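What TrEMBL annotates here:
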type	residues	note
DOMAIN	260-352	domain 'Transglutaminase-like'
ACT_SITE	Cys268	active site
ACT_SITE	His326	active site
ACT_SITE	Asp349	active site
BINDING	Asn389, Asp391, Glu439, Glu444	Ca(2+) binding site
Amino acid sequence: VAATQPSTNWHLKENAREHHTSKFSSDELIARRGQGFTITFNGTERPEQNLVFIAETGPKPSKATKTLATFDISSTASKEGWSAVLQSTSSNSVSISISSPHNAVIGRYRLSVQSGTSPPASLGTFVLLFNPWSSGDDVFMPNKAECEEYVLEEFGIIFAGNKNRISGFGWNFGQFQGDILNICLSIMDRSLYYRQDPVTDVSHRHDPRYLGRVLSAMVNANDDQGVVLGNWSGKYEGGKNPSSWTGSGEILQSWKKSGFKPVKYGQCWVFAAVLTTVLRCLGIPTRTVTNFSSAHDADGNLRVDEFYDADGNHLERGADSVWNFHVWNESWFTRNDLGPSYSGWQILDATPQEESGGIYQCGPASRYAIKEGEVDLDYDGPFVFAEVNADCMYWNYDSATGKKTLIFSKSTEIGASISTKAVGRDDRVDVTSDYKYEEGSAKERDIFKKARKKLGLEDKFDPTAPTQDEIEQKPDISGKFKVASSLEVGKDLNLLLVLENLQSDAKTVNVKMTAWSTLYTRRPVNEIWKDSISVTLAPKEEKQFPIKIKYPEYQQQLTTDKTIQVTAVCHVEDGIQVLVQRNITLDNPAIDIQVLGEAKVNKEVVVEVAFTNPIDAEVKDCVLQVEGSDLLQGILELRIPPLKASEKSSTKFKLTPSEAGPKHLLVNFSCDKFADIKTFKMVNVIN
């Protein structure tokens, strides 16, 4: 009898509930490895006799690469390989529970069945993912609340601003929406690794360490026509300003729609957020982490050099830099290559900063290894260690003579307030102590020395024993900038320069001051203001000098990062220069969301968004962008008429929630004077 094509019931609802995949909207079974799923099929004669199942994935399935498994019916599920256990039979159908091993390759599988000598008959396809709920899996996460947050939660908060003033904005990861799973599978099939050797690449897809590294390369467009193209120029023609995105869905969908051309443009939080979406989608627990005063040490000497001219302008010399903040990822998995103490959170960074192994990828670096200064362990330990620990050297550079003079060095500047979102709450958690021992402690300096030694730097420049032109003299005065009013876009900026004479004789000081608008990477973009003063300080005297930068002076120059670097170079007569600087991040005006009435599944509810124009000029080109998983499909874009000075606008729109539970609505408001004012609101949807 010729085998008729069996019809398969995949029991989608029941299996998805068991496998924590109910949030996917798919008519294909999505299962997690190391756990059984039940299928029922008919069309086989005498079903319980000699049935053989074939599960295969990738372009050239084979048993040797563990991309092909053949297995017959057994009495119990196997711990080692694939297995099929008979659940029940009737006259013309059979129910089977199929289990995969804990270390199965993830991806889309083809399943077929063979009865006796007849040719195999296809049962269909299913997708297999990592399983953080299963204790045998490399990504096993014992805490269920953490599984919920780091795999199943579609909303996140990304921290930004600067270490003096941390702010957070919402992001819609959207890993279960629409076609995102298929897009994530096609990202894997477009990597350089797959293109060079598809068979080997697919056979490594059981390993979160391998996939994390490959995907950190694929999320940026460098090398491989990956998902997002970075742009740190301050000019974003031909694409979207990185700060205007509110979720990963739009980015991943655009990448696919354009025929896999990189999406313009991203900066660090965009790369980190997209990587979070992809890894959570595949079942690897992942979160975004923000490091404030983050070092980009281009030459691997664990120190960052910054140069200023005599007028206080920040010069772009050398490839080192310090960013106000930098966002990367942590993913949770075991490190069988390093040993048990190095398992747990692993750092991955998809922002293209430095090449690793010839391409722009970074990690996984064990967080424990970074804290212990074990920078020689795979992968990219020195770069990540420097991001949170580098010493900072500030130089005066004379372009006429090429001479550089050390102004001062600081070993406690880098790696502050390392932040991530709390589990189950919309709050910030500080994880700095998981990255390093307390700043200034002997242990922290010991670890720094250990890392230098492992990198062969112990005989090179050591901040504690500088060479002749690097000797740090003791300054005669000290200075700092104090903020004297609220820091808001649209308001004048009021600062105080505080200078103190540390000596017991009077000092004359010539001060040259500048203010530049910058990117969040502290890259100078436009000069806003400059001034110079000459002051005499009596012995031990402290004086304050008010500085006012008016809104019209900075309004045209401000970048969408809303950051300004203020610098004063103090030339002390017969003494050494003192550099005073402060990085300021301005706050946008507030925007308010109200949900009018109760949010119920499949019922319309009205939402009102209110904004008051805070400046005494008209604002125009106002656009409101709204998104939120399970609250609305895609992105809603609303145009708003111009607003006169101090005028309030109120915009109403309707939502129809599709699923119950706590959901987040994200709003982004832009106009010609204010870019990307973001806010979010938790909406509790009931059945």
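Glycine is treated like the rest: Cβ placed from N, Cα and C.
Unlike curated entries, TrEMBL annotations are predicted automatically.
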Additional residues around Ca(2+), ordered along the sequence, whose Cβ is within 8 Å of the centroid of Asn389, Asp391, Glu439, Glu444: Ser411, Thr412, Ile414, Gly415, Lys436, Gly440, Arg445, Phe448
Integer Cα-Cα distance in angstrom, Asn389 (Ca(2+) binding site) to Asp349 (active site): 17
Candidate nearest Glu444 (Ca(2+) binding site) in space, where candidates are the active-site residues Cys268, His326, Asp349 and distance is Cα-Cα: His326
Within 10 angstroms of Cys268 (active site), Cα basis - recorded positions out of His326, Asp391, Glu439: His326
Closest of His326, Asp391, Glu439 to Asp349 (active site), Cα positions, recorded positions only: His326
Protein Cβ atoms within 10 Å of Glu444 (Ca(2+) binding site), excluding its own: 17
Neighbourhood of Glu439 (Ca(2+) binding site) by C-beta distance under 8 A, where only residues 6 or more apart in the same chain count: Thr412
His326 (active site) and Asp391 (Ca(2+) binding site), Cα-Cα, nearest whole angstrom: 17
Sparsest Cβ surroundings (other CB atoms within 10 Å) among the recorded positions Asp349, Asp391: Asp391
Other CB atoms, at most 10 A from the CB of Asn389 (Ca(2+) binding site): 25
Tertiary neighbours of His326 (active site) (same chain, Cβ under 8 Å, six or more apart): Cys268, Thr290, Asn291, Ser294, His296, Thr351, Glu387
